């Protein structure tokens, strides 16, 4: 009987521990989800909508610039650099999930043409490896090797992210052709404002959910506020919860309207997207162009020599 009770107690403890770990995981995931492009993997099959909008913008509401640099043309089965630039003021600090201020991280999603993919380590030159640093890239999906994600990574070190890309070879991949292709990029700096479930993070403005008089502002022990709003017309009370890390714009006794901002906007980051074009060049076409240019140069040389020879003949005839 005692053994049975012991096993029952052990089973309950294991179940309780698993439940606690699961809750910690859910809370932690909720606090960071949708903060960087890499988390879009968990919610969207494709990061680029039919309208051309990259889904990271659903959670990063502020618009910021992003730029991409790629070669104008590449040869098949060669490795090239795609450099994504995510500029921002390095002196800025953002509100973290715990309410404290910290440095901004960055992330990016790179949408390549079908057939283009992350270059294998043995094809990357030492010079390119030095530019890449300690970055670790991932495929957006196992079956989508042409879509790469990175982040979050420290923005002060990686405001420029170098992707090593392997160009496809139409000789071995019949779905690839020698054409001009588009490349799309999305990049963000800082945390998002909206979580995937639609709830707000503590990196955005909180507005009043009702109009009336602010009856009470309670500062919570672990940070944040409870703001009690009383509707003067019907004495109905509404409590708005403000998470930690935000600065209040209102005070007790103040009259406010529906949707009036209760806090300042703490967001200093944002998301941007851009595009570029790259040509997968046929080596035979390049050779043909070089042959043509060589022929033109030779023709010009022969023309000059012929002209000089003609001038010499004319000069000798005049002397004769």
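Using N, Cα and C of the backbone, Cβ positions are placed for all residues, glycine too.
Source: prediction; values computed, not measured.
The heme binding site annotation in Swiss-Prot covers 36, 56, 59, 60 and rests on sequence analysis. For 1-35, the entry in Swiss-Prot reads signal peptide, with the evidence type sequence analysis. What Swiss-Prot lists as transmembrane segment is 286-306.
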Binding-site residues compared (56, 59) - highest count of Cβ atoms within 10 Å: 56
Listed in sequence order, residues with CB under 8 A of residue 60 (heme binding site) and six or more positions away: 188, 190, 192, 193, 269, 270, 271
